[in-house]
């Protein structure tokens, strides 16, 4: 009996190790911890897929429910920060304020959470901890936007709600209500939130009806285009957790309300093949062979089929919409954007999105700080808090808050 139990335990241990282990780059931060984190997330995604295939619930709702339940376990930090859940022009937001205003005007940060426009709990867990830390360390008013997400809504709803909240917050009377200095307001976001933050910054920068503008934009490993899923970083990191190339393509299709069966077509760039006439005027805006430094290009080559699926860009016009893909904005729009801090991670499929945007902003005359983490991976900032405490995430949070403290 004991031998049977030992044998079963050994087989179970081998099976668990086989499931958890994936080959990772040598330079990535704390690889074994990342493997466990990724195995957990993959398990939740599989549960979502099973529930979806059985017609029990949408896969995204299952994944988000698991995320909310987990984030609810995270202890609340900086409890002295005062919070207010309120509507800004019909959009749900949470306002964080340090105690003891003392009659002085404060700086402010509008934060937009990531999660592929579909996942995330901005008022719980790591995002709540991050906003509380920004409010405490910067002595700032922090507003986090609780925009509605896919699959309940699709583009451009997420974008428009963030614009509505931003325009409301930037109204002089609202800034006065929260004792905010109108010359010291920043917009910030991570991943899909970085996408929304960049798009909102472009909109506010060119909006003549908004008298108060953002002074700064902070984009943490932002996703900025869906026309090339074979940039150098997509090729290099397509199987690096936690954001695999296939998952990013799914997020895009879900966000744009498109057919998820097109995932493979997007992954091989069938939608941007050489016979796509719609691409002729915009290829230079995401030409990573000229926008990236050679050290990042390495041995990778562009992947654009000679012929592709002519219908994809026509059926999903939002792929070419700068509100969804800020990297495609014209130079005159970029020139109106605020000074930028862009964080990128070496082991992230979205590395080149951020790098290309940084370069395009620089070419348009915008001051850019590009903080690159050689040991970073996608999502690492969110995992700089309990219970993960990834060292690269802790450094990332500290460094971008320090940059805000200096420049805002």
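Just so it is clear, glycine is given a Cβ too, placed from its N, Cα and C backbone atoms.
Pulled from TrEMBL:
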type	residues	note
ACT_SITE	191	active site
ACT_SITE	348	active site
ACT_SITE	378	active site
DOMAIN	109-266	domain 'Alpha/beta hydrolase fold-3'
DOMAIN	321-381	domain 'Alpha/beta hydrolase fold-3'
Do me a favour and check the Cα-Cα span between residue 348 (active site) and residue 191 (active site); whole Å is fine. 11
Any same-chain residues 6+ apart from residue 378 (active site) with CB under 8 Å of its CB? Would you list them in sequence order, or say none? 191, 221, 242, 243, 345, 347, 348, 349, 350
Using a 10 Å cut-off, grab the number of neighbouring Cβ atoms around the Cβ of residue 191 (active site), all chains included. 29
